[in-house]
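Everything below concerns the one structure shown next.
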Amino acid sequence: MMKNPTSTVLIDRSRPKLEAFIFLAILAAIVLIALGISFSNKQPSGALAQSSSASPPPPSLEQRVAGLEAYITNSDPSGSKIAGSPGPGHNAWLLTSTALVLFMTLPGLALFYGGLVRSKNILSVLAQCFGITGLVAVLWWAVGYSLVFGTNLSGSPLGYFLGGTEYFFLKGVDSMPNTNYSFWVSQNVFCMFQMMFAVITPALIMGGIAERMKYSAVLIFITLWMLFVYFPQAHMVWGASGLMNGVFNAGAKIPAIDFAGGTVVHMTSGWSALILALLLGKRKGYGTEPMIPNNMAYCMTGAAILWIGWYGFNAGSAVAADGIAANAFLTTTMATAVASLTWPMLEYTIKGTPTVLGFSTGAVAGLVAITPACGFVNTTGAVVIGLAAGIIPYFACSVLKPLLKYDDALDAFGVHGVGGMLGAFLTGVFATATVNGNLLSEAVAKKNGLAAAVTGGTLWLAQLKAILITIVIATLASLIIGFIVKSLVGLRVEEEVEQQGLDIVEHGEQGYSI
């Protein structure tokens with residue numbers, strides 16, 4: 001007698017309950033440790049009274065003018081009396097950008113991915129995006145911000161790969177600027193902005209593992225992945241002592257550039273998604289059964305939200321409301337527009353129909369490719385990058401994936417892995433100091449070789465090195481972490497669960513009740 005595929009699957013819930021209890025116990029322990037550190041570092045009230053008793057002298061006219069000039073030009077205000085004070089306009093822009101980047105994950109990416117899976121799995125995608133958001137926020141508070149943007153490991157070989165420990169549990173992170181990264185934006189605002197980057201990056205990986213990975217395995221994998229992939233990679237590219245921070249580290253060994261995360265966000269997530277997809281294997285019925293997206297309206301809405309939110313992602317990465325942010329806003333628009341048109345026109349030419357999925361995926365591919373370049377290239381460069389983003393990722397998804405027969409369910413690798421790699425390389429081809437003067441700065445770029453690479457036309461070599469290092473870190477670490485998680489809780493749901501759908505079995509709910 002054939003088994004009814006719609007019958008309820010009986011699953012032993014004892015192990016998931018134990019895993020959840022252990023997770024909550026660990027979280028409670030972390031909170032207790034943080035409270036202990038907080039109380040042990042409280043400043044005595046007498047010291048506070050003593051420090052506030054002396055009033056500073058009023059600023060001179062020269063100091064006032066110096067402060068105004070520094071604010072307008074987004075430069076060092078140390079010659080003025082307002083050094084160390086946040087600038088309201090720059091702060092306001094980064095606060096807005098922070099909300100926009102969170103908007104990309106919730107609900108943008110959740111809707112984009114959720115619309116692409118089958119109806120029996122839509123809630124699993126939403127739960128993954130929500131769960132990752134909460135998990136990564138806690139990790140960022142506990143250790144992430146410090147490991148990426150701390151500085152007390154600078155000067156040691158480890159400082160090329162990790163920042164420091166001084167900001168664990170966000171100790172000392174307040175409304176005053178951290179001048180290693182911005183003269184005018186409050187450090188707590190900068191911290192929140194970067195937290196949203198940390199949130200969306202692992203959520204992108206879910207596109208490669210959709211419809212078949214255990215929820216407990218997702219949370220454990222992402223925890224380890226953040227510690228051993230994202231935090232080191234983000235520091236190497238953006239940290240003050242980072243190995244590949246060509247723009248702001250005079251001692252960078254590889255003077256590469258990445259304005260908003262081509263390597264940090266898209267390559268790491270895309271290549272890790274490929275490794276996980278290979279470890280998990282194909283979905284049941286992949287290649288023999290139709291796997292039709294459940295709601296293309298959700299997909300298109302999610303893509304549109306991603307486009308809007310990406311302005312905060314890219315233009316916000318200027319960490320100021322200045323001309324570089326304006327350039328990033330414009331180049332993001334042009335690259336995305338060109339890619340969103342190129343992809344469906346290729347479909348029209350090859351298959352005879354331009355699809356809504358083609359418009360949506362093309363737009364995302366353009367956004368991915370322009371991410372590392374937006375603050376360094378002009379509009380001509382952006383148009384070329386957008387054109388390439390509409391072509392190369394298209395063939396990665398429509399030709400390479402069927403040829404190699406891997407099941408990257410929602411094309412996380414084809415769009416983010418390939419698109420991020422493409423954008424990172426083309427940044428080295430089209431970056432120009434007429435857009436961003438930091439490429440030729442005396443203090444940094446002329447000391448670490450970035451200026452010579454830009455003027456000599458060899459920046460693409462540094463970009464290529466950064467690309468290769470990123471691939472090695474993401475793939476090897478993901479492979480090792482994947483095997484660890486597999487040995488602990490298993491990676492893949494049971495066949496019966498996959499057949500019935502992850503929504504009802506893993507989450508006890510249904511996305512649709514019709």
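Cβ coordinates come from backbone N, Cα and C, glycine included.
Record features, source TrEMBL:
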- 92-512: domain 'Ammonium transporter AmtB-like' (DOMAIN)
- 20-39: transmembrane segment (TRANSMEM)
- 92-113: transmembrane segment (TRANSMEM)
- 125-148: transmembrane segment (TRANSMEM)
- 181-205: transmembrane segment (TRANSMEM)
- 217-239: transmembrane segment (TRANSMEM)
- 259-280: transmembrane segment (TRANSMEM)
- 292-312: transmembrane segment (TRANSMEM)
- 324-343: transmembrane segment (TRANSMEM)
- 355-373: transmembrane segment (TRANSMEM)
- 379-400: transmembrane segment (TRANSMEM)
- 412-433: transmembrane segment (TRANSMEM)
- 466-485: transmembrane segment (TRANSMEM)
Stretch contact, the transmembrane segment (125-148) with the transmembrane segment (466-485), Cβ-Cβ under 8 Å, 3+ pairs: no
Top Cβ-contact partner of the transmembrane segment (259-280) among 92-113, 217-239, 355-373, 379-400, 466-485 (pairs under 8 Å): 466-485
Tertiary contacts of the transmembrane segment (379-400), as residues 6+ beyond its ends and Cβ separation under 8 Å: 330-332, 334-343, 345-347, 361-362, 365-366, 368-370, 373, 411, 413-415, 418-419, 422-423, 426, 429-432
Arithmetic mean of per-residue pLDDT over the domain 'Ammonium transporter AmtB-like' (92-512): 97
Distal contacts, the transmembrane segment (217-239) - CB-CB under 8 A, six or more residues away: 23, 128, 131-132, 135-136, 139, 143-144, 147-149, 160-163, 194, 197-198, 201-202, 205-206, 209, 245, 248-249, 256, 258, 263-264, 268, 272, 276, 466, 469-470, 473-474, 477-478, 481-482, 484-486, 488-492
Within-chain partners of the transmembrane segment (466-485) [C-beta distance under 8 Å, separation at least 6 from its ends]: 217, 220-221, 224-225, 228-229, 232-233, 236-237, 243-244, 254, 256, 258, 263, 267-268, 271-272, 274-276, 279, 421, 424-425, 491
Intrachain neighbours beyond the transmembrane segment (292-312), with Cβ under 8 angstroms and 6 or more residues off its ends: 96-104, 107-119, 122, 329, 332, 336, 356-357, 359-361, 363-364, 367, 371, 511-512
Outside the transmembrane segment (92-113), six or more residues from its ends: residues with CB under 8 Å to it: 125-126, 129-130, 132-133, 185, 189-190, 192-193, 195-197, 199-200, 203-204, 206-207, 210, 298-299, 301-303, 305-306, 308-313, 315-316, 319-321, 325, 360, 364, 410
Distal contacts, the transmembrane segment (324-343) - CB-CB under 8 A, six or more residues away: 93, 259-260, 307, 310-311, 314-318, 358-363, 365-367, 369-370, 373-375, 377-379, 381-383, 385-387, 389-391, 393-394, 435-436
